[in-house]
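What TrEMBL annotates here:
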type     : residues : note
TRANSMEM : 64-84    : transmembrane segment
DOMAIN   : 65-693   : domain 'Major facilitator superfamily (MFS) profile'
TRANSMEM : 104-125  : transmembrane segment
TRANSMEM : 132-154  : transmembrane segment
TRANSMEM : 210-236  : transmembrane segment
TRANSMEM : 248-276  : transmembrane segment
TRANSMEM : 296-322  : transmembrane segment
TRANSMEM : 373-392  : transmembrane segment
TRANSMEM : 412-431  : transmembrane segment
DOMAIN   : 485-537  : domain 'Kazal-like'
TRANSMEM : 575-593  : transmembrane segment
TRANSMEM : 613-638  : transmembrane segment
TRANSMEM : 663-689  : transmembrane segment
REGION   : 698-757  : region 'Disordered'
COMPBIAS : 702-742  : compositional bias 'Acidic residues'
Amino acid sequence: MEKTAESLEEAYNDVYNTNPSTEQCSIRRSDSIKSEYDFDDDPLLCGYGSCTPGWLQKLHNAKWLLVFLSAAAFVQSFVVNGIFSTSLSTLERQFHMTSTHTGIITSWYDLAVLLVVFPVCHWGNTGHKGRWIGIGSFLMGLGSLVCLLPHYLISPQEFNDDPKSLPDYGQCMDRNTSEITPTCDNPILVMGFLSRAWYFMMHNSYLNPYFLLFLLGQTLHGLGATPLFSIGTTYIDENVSQKASPVYLAINSLFQSIGPVIGTLANAFIIGYVYVDVDRVNMETVPVKNAADPRWFGAWWIGFMVSGIVATIIAFPTLMFARELPEAKKHRLKDVCQVHAVSQNFENKNAGNTQMEVKSVPRAVVNLLRNPTFVTCIVIGTFESIIINGFSGFMPKILENLLSTTPSMGGYLASSVIFAAAIGVMVGGVLIRKLSLQVGGMLKLVGCCHIVSLLFITSFLIQCPSRDFVGITVGYDHHKPKTEKMLMDQCNTDCDCTSKWAPVCHAETGHIYYNPCLAGCTKKIKKGADDYWLDCQCIQNNSYNISNLLPSGVNEPKEHEDTVFVGYCGKDCGWYMYAFLGGLFFSTIASFAQGIPIQQIMLRVVPFNQRTFAIGVNWTFLRLLGFIPGGILFGKIIDTTCIKWEEKCGVKQSCNVYDNARMAWTIMAIAIVCKLVCILAAIIGYMTYRPTDLDSAKMYSSDEDETDISGDEGSDIDEEPGSEEESEEDSDLEPNQEEEEQLVGKNGMEWNSEPPLLRQTPRHNIIRRIRSLPIISRSNQNPKEIFDKIFTPNMKQMIIQWTNQRGAEEIDDWPYFDLRELDAFLGLLILMGVHQEKHTSLDEIWSEENRPYYRATMTEHRFKQILRFCRFDDVTTRDERRSTDKLAAFREIWEIFQESLRRHYNPGSTLTLDEQMCGTRGRCGFRQYLHGKPDKYGIKIIWLVDSENSYPLQGEIYVGQQPGENPAQSRERNKPSNFAKRLARHYEGLGFSISADNLWGEYQLATDFILVNIGVVTTVRQNKPFIPRQMLPNRERELYSSIFGFRNLITLTSYVPKKNRAVILLSTVHHDNETNEEEPYKPKIINFYNSTKSGVDNMNKCLKHFSVKRKINRWSMTLLYNVIDIAAFASYIIFLQDHPTWNQNKKYKRRIFVKQLGKELIDAELDRRAQNPRAMQKGARKAMKYLGKLPTAFNFLMVFNVQRKAK
């Protein structure tokens, strides 16, 4: 317990002490960090082994670390998100793959990350992070070189100018198709396969060798990138100050975001202007000259070659950094602990572990997943990664189709959108720093970013006109086909055409034909590098000019009425394109602006030594549920929008024509759903976030302490270890501890004598509910209505059922015991208590000399019967239940009663926790002895009540060791602190404060209550080890003097009321050392405690005044009496809250209320008995007459009979 408390308190000292650099604060977050980083034999020098020259140490700072890690992040995103995404369309066509194949390739990177993220985080967290990242960079370079291999394994592209040849597709002519079209069953040997059908099926299947090579390259990319983005993030964060961390990580993320932009732009240019086999063939022999020709393949492999070389080079400087930078320890002194309260408990229990054992990994994962804010980060990241991976992988292809442009232009446009990601990353980091956002503020920022992104994502509703493909989207009559898509028509039936894809454009109509043969073209002319087809029979004979629609750089042929040119027709999108790209641009900025806040939240809400592990868990979920299915999902979606596939031997190869409108709507729907989930998760995350030491904590870092990324004066990034500036700075921070003696407890716990400076009220001291009545407790007309809500109908029904069961077993003609009779029984008990007759014999109470209520309501015999057979559970099953619960005979009634007490009242800001002794001398397996209580023997009940009016909120009966429970379990369950936590669990997070005596004066309990936003003020026994010796009784201490100690959010005070005596109190409500200005100069903590400590004692006094308790040996009846007393007392408090002016001038209001309650309870039974007065005894009729309950008809009949006898 002490170790747990110490690990938490050290996380608080920096935030609240005026001198944050005390010896106590020498550890950044917990003791576990010291063992993780303080290597006495590690000089923290930059270099390789013993080669550590002095000039190299100038690079050993956070700036240069940021440079190299950012360069590695740039290369990773350059190749994975830039080169790959712009090459997908080319790879699909050259290597005969579908979008599903390329989607798998895109997601395979994330699968590789998923496989190694846990081992990397597990061993990399305590290992040499620089070396892990350097090795990962080398693996990334190797992966890029593997992706380069398919270029050299596949044969160069072949062309043949023979009009009848298969590769050139041919024109409309009479030909022998059996000669030019190889049959699929022809048993020729192709790469070891026996037929062309098997060859094409193999290429289209997952056994495609080039597909497998790309998977291997992506695997190495994933293995290499995992250390960079898991332990690399913490490597930067732990070597810079907490305030500078968002900017450093934003810059790192900026380079990661710029990588796809540069990669997309560069690769788009290369693919558009550099032929794929430029290094292997003579370009003069290649008939295709530019990307306008569908047969063009760009040099996709150049980007992989460059990235492979650069990544390998970057690995070497990254390997030279030490385990931590020289200035890292200094930064740890100034951090604010914002760990979520749930995760802090696990951190406290494992504070001494420097390396998580494998067997403790599942427990650590469960603990992280119990942290709602961390789960929020996972949910937001998962759904956002679905969109990001899908868009990043297929953005060029999506834009190419939606904007009806070429692959190279799609790459250029995609780079402009990806550039928005870099802007968004910087915006998020700058907003955090400028607004000084803590976790709560960052969650709000995340929600706002997703809302803005959702609004702009609707730009997908803006669609450019789609291309018109004759025979696919429009008919040969230039109208949309009404039947099945048919490439053949009367105009080309005699052409003997192949199904090869070689689109040609008819400029006047803007229609695209599948190939020249299917357009019915019979002649081909070549002008320069451009091909034109003439005499196309499928084109209507009309005159037109194609000059306005020719692509730029294409020479215009001689006008011809039925001419087409090779390539796609241009589509003028107009302002639609700019509106669409603008909306997508701003949506991307908003989406990526939330990336840094989410990253910071995740780093802040988990304990320090679990951050790398938490990143690994987060990456696992993101890859498993986000990135991997995201790429595959988008690939499948794009494939489902395909309306014309290129087929070989009946096997689909790649898609030639897409349904653009369907693609846009489907992608937008997925994006909207993901954004809505992210917004909801951000809202829930904000509502459930409970910090350890408050978002309101003030960071005490002066201007010269603060890390400045700009490197201006005051920045400590460039300071070398042991420099004069740093030593002066540290000396300024060191407190002068020689002037006064340090407050240290027996267990070494240190306390500060000066109060902390708080920027605002601590979270656990903010009241979030005021004293009030719930709606269900309002508008009660009389005391009985309220009593029936506290003493519920369910409780009454149980008493009736089991009392009738027991009575029928003992008495053959047992009269049925119903609700009215039970109310009358309770009413009589209450009236006995009001008239102080609980010790009076029943014979005397039912005598004619006593009050008539009793005789009129029921007979003395019936009252004794009910008293004897009253039961609260099923006697036939009691033994079974009692084998595990000593309170089985009363448990269910008690639980229902506790629920009704809590539901019908909202307490004030202060509560009291104390014991009640329900006196009994009867035989009871859990009877207790308390010498300080009026009833020394009895059943002990621990109550939590409202301090002001003593309303009972929750109570728990102490039953000791339960049957079947071992002593260790019993001791743990019956600890006073655990009683307190169970009773207060319904009031967590509402800012209530609890006053209790020294039984609950524990430092650990106070810490636990802080974590759930509950304050506590208790007295403390003087034998507690955390109390400094200066606070103990001492003859030398001055009378009325006070000593204060402050640690985290806990205040300890010792006051001397008499010589050689000391009263010690612990408080998490007070954070100052204020005392009264006049003698006896009591601290305000004591005044507060004295005003709130007597809640339970006051309740006991009130219950004693009108108690219904009668002498009885059955402990269950003793508890029933107590329940009746408490129910009546609670009803009185609720009634006064609802009717504040009721009898306000009378001092005995409660007596009036209780007496009225008793009378209302017996009224129903009196009315029923009055219906049959002849069955009553003479004394009962007389009492009825006295109470005015006999009906008028009965009185008239009696008078009539008297008169008749007289005559």
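Quick reminder: no glycine exception, Cβ is built from N, Cα and C everywhere.
A TrEMBL annotation is a machine prediction, not a hand-curated record.
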Self-check item: Maximum Cβ pairs under 8 Å to the transmembrane segment (248-276) - stretch from the list 64-84, 104-125, 210-236, 412-431, 575-593
Solution: 64-84
Quiz item: Which one, 64-84, 210-236, 663-689, has the most C-beta pairs under 8 Å toward the transmembrane segment (296-322)?
Solution: 64-84
Quiz item: What same-chain residues lie close to the transmembrane segment (64-84): Cβ under 8 Å, and 6 or more beyond its ends?
Solution: 105-106, 109, 133, 136-137, 140, 144, 147, 218, 221, 224-225, 228-229, 232, 235-236, 239, 248, 251-264, 266-267, 300, 303-304, 307, 310-311, 314, 317-318, 321, 325, 392-393, 418
Self-check item: Stretch of maximal Cβ-Cβ contact with the transmembrane segment (412-431) [cut-off: under 8 Å; candidates 104-125, 575-593, 613-638]
Solution: 575-593
Quiz item: What is the number of residues in the domain 'Kazal-like' (485-537) that are helix, strand and coil, as DSSP sees it?
Solution: 3 helix, 16 strand, 34 coil
Quiz item: So what's the mean pLDDT when you look at the domain 'Major facilitator superfamily (MFS) profile' (65-693)?
Solution: 75
